[in-house]
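For 22-46, 58-81, 101-122, 143-167, 199-226, 238-260, 272-292, the entry in TrEMBL reads transmembrane segment. The domain 'G-protein coupled receptors family 1 profile' annotation in TrEMBL covers 40-290.
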């Protein structure tokens, strides 16, 4: 049986190139964002669980989205925060593979859930009379299961492809996580370029496929909304899509900034900061957008707080 790697651990450069006196400030800033993201998503999940009026397909998907967001950041952010204040930034071969698997799994699950939520809005607006038949609880549970299964398959495929390569040279990863393209640069052998191209095509095909189906859903949604005679009716119908559409724009915009930027045009420090927009900043914005832009959820959170604290006030 061949020995696939003679590297037993990797060194994560991360924020070590930044001035040391700035690291505590970065640590506190990203820690507060991480804690806010956790509390915001847990609040959304608890509100959906406790409010019977929110036991609908749209909020079931939102609950699953919050779960995937929490798990994605748990796979990435704690390690990043620890390394900021640590001089020992090594990560074992197995731990690196595990981190990559979970980050890809939850990242792709997140994209698949956004696609399913777009389909949910399409059915609700374009086929309102058949909505509860097409989006039954069983159907929704099956769709959520498929998104998690799809994310797991993508995560496993990428991880197996990358860690099947031989790493025999430098073990320094110029990133704060086990980033796939940073790892591919460290691999030896002639097949490295073909593997890199294969990983890119696989990831881009999945993400662009999701985006294409979301855009297609919204083309039909906009067409249906334009047929509504009253301005108030059009506004009320479109308002049910605003939070989802905003998250899609934020999600794909930050992903594009990171993965489609010109190579070699940024310093290592600026690349590190740009990477945090997708791993930290996007999950931080998500609960804010959903709680502020979704009127029904916002009212349910207010009602839940009033129920909790009104006995104390009285």
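Backbone N, Cα and C atoms are what each Cβ position is placed from, and that goes for glycine too.
Counting residues 6+ beyond its ends, the transmembrane segment (199-226) has Cβ neighbours under 8 Å at 108, 111-112, 114-115, 118-119, 121-122, 125-126, 154, 157-158, 161-162, 180, 184, 234, 237-238, 241, 245, 248, 252, 255 in the same chain. Taking every listed stretch (22-46, 101-122, 238-260, 272-292) in turn, the largest tally of C-beta pairs under 8 A with the transmembrane segment (58-81) is reached by 101-122. Below 8 angstroms of C-beta separation, residues 57-58, 61-62, 64-65, 68-69, 71-72, 75-76, 135, 143-144, 146-148, 150-152, 154-156, 158-159, 177-178, 180, 206-207, 210, 213-214, 217-218, 220-221, 240-241, 244, 247-248, 251 of the same chain, each at least six residues beyond the ends of the transmembrane segment (101-122), sit close to that stretch. For the domain 'G-protein coupled receptors family 1 profile' (40-290), the mean pLDDT of the prediction comes to 87.
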